[in-house]
Amino acid sequence: MLNTLVVFLGAGLGGALRYGVNVSAARLGGSFPAATMIINVSGSLAMGILAGWFVVRAGLPQSLRLFLTTGILGGFTTFSTFSLEAFLLIERGALAQAVLYVIGSVAAGIAGVAVSFAIIRHFG
């Protein structure tokens, strides 16, 4: 139960941070999704730092890891988890799996949005 609460609180903070970046980037104007790119890249950088930190400091509490990674970064961007998982596949020498994971995730994600839009436009 404590872990669920820790993730819940972290996700709220991460979501608020994401909203702040979106609001700030909107002031810049333009049609390029700069906020999403900033969020994805900074979240991936933070995930790498945290994952490395938790490896080096193996004795840190599980609740801290959950709060920072699953909670805050999960609320901020799930792209950081995607990036970490792809990197770990590459690091383990599973290059074919990594390529399949990256291409498959991106293609399936875009296809999912396209199919959803088509359904809503048809029945909407």
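FYI, residue positions are counted from 1 along the chain as it appears here.
Note: Cβ is positioned from N, Cα and C throughout, glycine not excepted.
What Swiss-Prot says about this protein:
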- Gly74, Thr77: Na(+) binding site (BINDING)
- 1-21: transmembrane segment (TRANSMEM)
- 36-56: transmembrane segment (TRANSMEM)
- 70-90: transmembrane segment (TRANSMEM)
- 100-120: transmembrane segment (TRANSMEM)
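Cβ atoms under 8 Å from those of the transmembrane segment (36-56) belong to residues 18, 21-22, 25, 65, 68-69, 73, 76-77, 79-81, 83-84, 87 of the same chain, restricted to positions at least 6 beyond its ends.
Outside the transmembrane segment (1-21), and at least 6 residues removed from its termini, the chain residues within Cβ reach (under 8 Å) are 35, 38-39, 62-63, 66-68, 70-77.
Sequence-distant neighbours of Gly74 (Na(+) binding site): residues of the same chain at least 6 apart with a C-beta under 8 Å from its C-beta are Val7, Gly10, Ala11, Gly14, Thr81.
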